[in-house]
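> From TrEMBL, here are the annotated features:
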- 69-91: transmembrane segment (TRANSMEM)
- 118-266: domain 'Peptidase S54 rhomboid' (DOMAIN)
- 123-148: transmembrane segment (TRANSMEM)
- 160-177: transmembrane segment (TRANSMEM)
- 183-202: transmembrane segment (TRANSMEM)
- Ser187: active site, nucleophile (ACT_SITE)
- 214-233: transmembrane segment (TRANSMEM)
- 245-265: transmembrane segment (TRANSMEM)
- His250: active site (ACT_SITE)
- 277-299: transmembrane segment (TRANSMEM)
Amino acid sequence: MAADGDLEMEDVNLNMGRDMKGELEEEKEMQEDWRSKDRFKNKKVHRVVSKWMLPEKVRRTYLERANCFPPPIFIISISLAELAVFIYYAVWKPQEQWITLDTGILESPFIYSPEKREQAWRFISYMLVHAGVQHILGNLVMQLVLGIPLEMVHKGLRVGLVYLAGVIAGSLASSIFDPLRYLVGASGGVYALMGGYFMNVLVNFREMIPAFGIVRLLIIILIVMLDMGFALYRRFFVPADGSPVSFAAHIAGGFAGMSIGYTVFSCFDKALLKDPRFWMAIAAYFACVLFAVFFNIFLSPAN
């Protein structure tokens, strides 16, 4: 009888072991299903991004290694910084910043001022200050809509390089072609991203733009036209008691994007530092920077 009892206990233990093993396997399968669903969702997002940002021949490489780590930190961080500075000058400084420039923003240590060109940080920090709600909304919309997908594909280092190249090109071009005007806004960086992206689109149009994508491109072009129109208004039609702001940064940023930005964004599956086009673009860029520095020191009417 004792032996029979032992056998029954062993059978119960075996059954319990099988049940626990089955439950563990089911739980493991459920976890794998959830992971596969998450992966599918992520891949779906990356597929859409790849169609917009990359030509067909390198999409497979991107999808094989696509991930959101690191996330698009650069473009989000720079957007938050610009928004914070705008809110500071709009709310806590004595001016009507929601509409246009006024005394508070003109006295800012960030703005590019022709009288204070020896303060070299202003050639970069001007991107943090904006001339009204229309100005900052236009820049934020463009750089987030375009910059986040670009950073998902090319990562923050490359996107930051192009963005800052456009910012510096914008301020230096303004100091040469419109030397007596103030300069505010991140348009130089935004137009650099757009210049690099649109050069890639022009070269690989059929491969990069999905069906009906032309509509979205037209929307971006419309935003650009509105932004340029607002910049021209601030420069040429500002009231007599106002302070005209240069628009040269838009054009210079675009050219920086079409040279450096195009090279950087077209090297997705290549080592950037081994591409001779990159060094040619960098050499041309630094030649222009050196000329601008020389002009500002010795030839500028603002002297």
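The backbone N, Cα and C atoms fix where each Cβ goes, glycine too.
Just so you know, TrEMBL annotations never went through curation; they're auto-generated.
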> Do any residues, 6 or more residues outside the transmembrane segment (183-202), come within under 8 Å Cβ-to-Cβ of it, and if so which ones?
53, 55, 78, 82, 101, 105, 111-112, 126-131, 135-136, 139, 142-143, 146-147, 150, 159, 162-171, 174, 208-209, 217, 220, 224, 227, 231, 245-246, 249-258, 260-262, 264-266
> For the transmembrane segment (245-265), which partner among 123-148, 160-177, 214-233, 277-299 gives the most CB pairs under 8 Å?
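Maximum Cβ contact count belongs to 160-177.
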> Within 10 Å of the Cβ of His250 (active site), how many other Cβ atoms can be counted across all chains shown?
23
> Which residues, given as numbers and ranges, are at least 6 beyond the ends of the transmembrane segment (69-91) yet have a Cβ under 8 Å from it?
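Same-chain contacts beyond the ends: 97-98, 104-105, 108, 110, 127-130, 133, 136, 139-140, 143-144, 147-148, 150-152, 155-156, 159-160, 163, 186, 189.
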> Ser187 (active site, nucleophile) to His250 (active site): how many Å between their Cα atoms?
6
> Taking 3+ C-beta pairs under 8 angstroms (sequence gap of 6 or more) as contact, is the transmembrane segment (123-148) in contact with the transmembrane segment (277-299)?
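By the criterion, they do not touch.
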> Against which stretches of its own chain does the transmembrane segment (214-233) lie, if we need a Cβ under 8 Å and a gap of at least six residues from its ends?
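The answer is 134-135, 138-139, 141-142, 145-146, 187, 194, 201, 245, 247, 250.
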> Ser187 (active site, nucleophile) has how many other Cβ neighbours within 10 Å of its own Cβ?
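Within a 10 Å radius of the Cβ of Ser187 (active site, nucleophile) lie 33 other Cβ atoms.
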> Can you give me the average pLDDT across the domain 'Peptidase S54 rhomboid' (118-266), rounded to a whole number?
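A mean pLDDT of 84 is what the predicted model shows over the domain 'Peptidase S54 rhomboid' (118-266).
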